[in-house]
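Marked as signal peptide by Swiss-Prot: 1-16. Taken from Swiss-Prot, the feature pyrrolidone carboxylic acid applies to 17. The feature domain 'Pentraxin (PTX)' is assigned by Swiss-Prot to 21-223, with sequence analysis given as support. Residues or ranges marked as disulfide bond by Swiss-Prot on the basis of sequence analysis: 52-113. Sequence annotations record features per position, and here Swiss-Prot assigns Ca(2+) 1 binding site to 76, 77, 154, 155, 156 based on similarity to another entry. Swiss-Prot lists 154, 156, 166 with the feature Ca(2+) 2 binding site, giving sequence analysis as the kind of evidence.
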């Protein structure tokens, strides 16, 4: 009984599921041991996908925002959202890289959404509500499972193979994943933090996760003003 109790305490300390609205994942330093593991609500092949998140960093080098690998050793980049400052972003779908030229951004919160439809192969990248020219990747395929979904590192193997030069340093918040392609109207709802519109695969409102190394959850202290785009302000947490 004592061993069972100790094991339960260990699990409770290493695995959490909670509403993280108003909070961030903080990755304070370059490292290969600091990262967050996200647990999907459902494990299944994904023929359609949308991922949205907010990020805040001063990094000027390449870094991963979200890495999804499968147990297939040939699919360490089944889905990868990879930033290449100052003006490129790469989206990997089943190992195929799709490079987008994007506007350079200042040091402020950035909202990013990526969607992929397997029937058409169309990949969309939205940054702060702006849709960049679309591309086509891996038509008629699917993203397999089981999956390892990690933030803070880029996986070169299932759950590992990290490179400190690709690690994320900064803050990430409002992470959501859907098993379908969001419409432009849905993208706008997510951009403006509509509390009634949350991911059905991963939801920041009910997130099961593990933090490793120096990664922590912290209250969100900054927000990005959207005044120059829309004459509005995004919601801030203090």
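For all residues, glycine too, the Cβ spot is worked out from N, Cα and C.
Taking Cβ-Cβ distances under 8 Å and a sequence separation of 6 or more, the neighbours of residue 156 (Ca(2+) 1 binding site) in its chain are 76, 162, 163.
Cβ neighbour count for residue 113 (disulfide bond): 23 (other Cβ atoms within 10 Å of its Cβ, all protein chains included).
On its own chain, residue 155 (Ca(2+) 1 binding site) has 67, 69, 76, 77, 148, 161, 162 as residues at least 6 apart in sequence with a Cβ closer than 8 Å to its own Cβ. Distance from the CA of residue 154 (Ca(2+) 1 binding site) to the CA of residue 113 (disulfide bond) is 18 Å. Taken residue by residue with DSSP, residue 76 (Ca(2+) 1 binding site) is part of neither helix nor strand, so it is coil. Listed recorded positions near residue 154 (Ca(2+) 1 binding site): 166 (candidates 17, 52, 166; Cα-Cα distance within 10 Å). Separation of the C-alpha atoms of residue 166 (Ca(2+) 2 binding site) and residue 52 (disulfide bond): 20 Å, rounded to the nearest whole number. Residue 17 (pyrrolidone carboxylic acid) sits 19 Å from residue 52 (disulfide bond), counting Cα to Cα.
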